[in-house]
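Annotated features, as they stand in TrEMBL:
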DOMAIN    15-307  domain 'UvrD-like helicase ATP-binding'
BINDING   36, 37, 38, 39, 40, 41, 42, 43  ATP binding site
DOMAIN    308-596  domain 'UvrD-like helicase C-terminal'
């Protein structure tokens, strides 16, 4: 789209704005606070204001910084901005607070004194650390007799709250000095101190550290702060009410360069502040008005989402909160509906049981869909993740397509528990108490045993009064058991013993991968009808396993199963990664995750007391008043409320957010009893229902559902015979591709085999790193640190320094003891030879590990995002800013013809990589150098001890050819063209050969050759 077309788009959209929205868009100078209630068009205002800044000033896109609270907020803002100003939107800096601070850390490693092997803390490690602390400390108040870990969850939550508010241990010590609960809080302080110390000892950081590290460095490094202050001229903050004190401080420090007239534009609504558990408070907005006394305050009151009854009912609710912004600022927030939907009352459903409630919701949704409502315009909103199960089960049985936002705990997933049960059997296969578990796994689909054979085996074992293992090994098993496929059981028993042996000889990730493949589980997952969901859960489990194995290189099956037990006992989920698809399916989501979404019809369910309002959360540790906002120097007004009232105010805001997701219709339901945790629980309606005026509600006639639910109970209690198809593969792949950035590795993979690209780059099937990849990673890491030291000090480090860094790097890789010793020795030899051959030629680099297409670096070829990482960049001509990009290669050195794809067994991937790096540098607006040379540096000598380096001048023709290739490949990717390669030679060493060709790889390369198999 041309610049003229973008201008016309802006003008057209501008005319549709109401006067207050126009005022917000037009006020581009000075501080501005926008109070934006639900449905008032805040995303449109934010993006139109950015477009207006670019239209009316000569400000470059990169000088605008927009910060928001969630990844979905970033995505919504970017997509909206793209529709207004086109590709220039890619160069506007739009971040979450955490991703912005992460980019600062990554871009300035020399300014942050952090260990090279610093890793994020996992939830399991956190629990283990707190258990260690409680075991080591002689605590009286927080380690009760008979329940030594009783306080673990409360301690974790408390220290997270302190960190989220930027309260250091010294600050906390001052706060508790005069506390009535001094003795108990002193023990909490001691745990806090020990926790910080253990994080250092274990080279770990937690989620809350990311922003605190940046604010601390900004406070103590004026040059770094000034660097970032001077980058940005305009600051915009979305969801301002949900920012915590450190987040608020980041924005304030960046804007402070410009004083109290800084161009800071914040959008928020105190009624939608739903993240108090993350440290957010009303003080954010009050701090803004105090810090910027001349700020213009604009209130958006026209609601473009909901009909007026829904607006009125939600305002009836929220006015019961005592702590409101209107008590501190002279603003009027009462909303007016700007839509013409029919004014339907809120429908209240009071049922006898949770089953009837879920049956009603399902039946009503089916009726809405039959009446023409799109399933994607319907949402079921609940308080906690666990509340989804009743509805997802009912939807599955009634054939309602649904999409579960937030993901389930994979440790509770039916299929994952099958895999865990198999692992448990492997661990205990020689035990005589495992008959029941063996019988259980013999019935798993992916193991493919005949059910009747399993029953005959069981009967044979019973008659002989022996266990299953003894039965399979019994001399009469084949001839007298009646089992038709006895050999299958014998082979599987051998395989169990083999896996048990492999557990001692492989890294756990490699062992886990072997079990996945050899048991048939992975192939069963990929081939299943709902493969995307199954694979997503498996990937989530594998990601956690890799974290565990990285933290503990001696991890084995026994330790892993113990870790799983701790996770289950501590209530720590391994959440499946969010698929983030909103296809034509009903959405199931928590109220927290519904923020920012809207639907024609909303079902707000399980609205009973204790679930919504008066939550029975154990408050074992009560913190002193005044902590929230303390790091900003403001008093927490919420601290003056009674604690129970304050908690209910938080809950009321959350209920308000859930209600205001609805456009046309809102259903609020509850039941007299729910079956939870193995028992029937009586319930009464939430207080929030009574706070909605009766003239805005209508009781649902529930008698027909109560009478018919008894008839359907038989069907409901039957096992589900078909898999839930909540998300189609096509929709999933399209959603992944919305945020997909193409690297040269991904490009080369697609060119080799599109199907492999789908499995490896989009579906991301679990893969363990072998010793060759580990060696390459460690050598790259050692060279990166070696040359970074050279760059920072101007003095070339010696060989012992290089070898020492390699030792550190290889020790971080997940390897068996044998593989570790082998790769350490091999890597040391490689680096000794490399250093000896080239150390007199080394020059101080301009960059080491230069990232393109990440953070502040934006790289687009038309509408195609690209990314890459160059190992090293050296000067060729300092005065002209000519540079050379260098990529290290471990493994067998290639000839120049191999690199260029001119030999029989090469495909030109290496040369394409260098051309790709040149393209990245040319397209990156922040890279103020010209790449004139590109070099492959093979760090491993050949068998004659010679090293190879191949340098190239990339021609304009090669760049244009690559651009055409990228455009063609991305077109096919976006069209979901993922056919399998017919060049079967590439299949020989492919990780997916067993999946694609279970009967052997076809010989040759034509269609006819597929009939002939190479076994």
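Placed from the backbone N, Cα and C atoms, the Cβ positions cover glycine too.
Here the features listed in TrEMBL are painted onto the structure.
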residue : record           : Cβ contacts under 8 Å, 6 or more apart
36      : ATP binding site : 42, 45, 267, 268, 269, 300
37      : ATP binding site : 269, 271, 272, 300, 301, 303, 333, 335, 660
38      : ATP binding site : 269, 272, 303, 305, 306, 314, 335, 657, 660, 661
39      : ATP binding site : 303, 304, 305, 306, 335, 598, 660
40      : ATP binding site : 300, 301, 302, 303, 304, 335
41      : ATP binding site : 17, 21, 300, 302, 304
43      : ATP binding site : 76, 77, 80, 238
> Excluding 36, 37, 38, 39, 40, 41, 42, 43 themselves, which residues in that chain have a Cβ inside 8 Å of the centre of the Cβ atoms defining the ATP site?
Replying inline: 45, 269, 300, 303, 304, 305
> Under a three-state reduction of DSSP output, how is residue 36 (ATP binding site) classified: helix, strand, or coil?
Replying inline: strand
> Can you tell me the mean pLDDT for the domain 'UvrD-like helicase ATP-binding' (15-307)?
Replying inline: 91
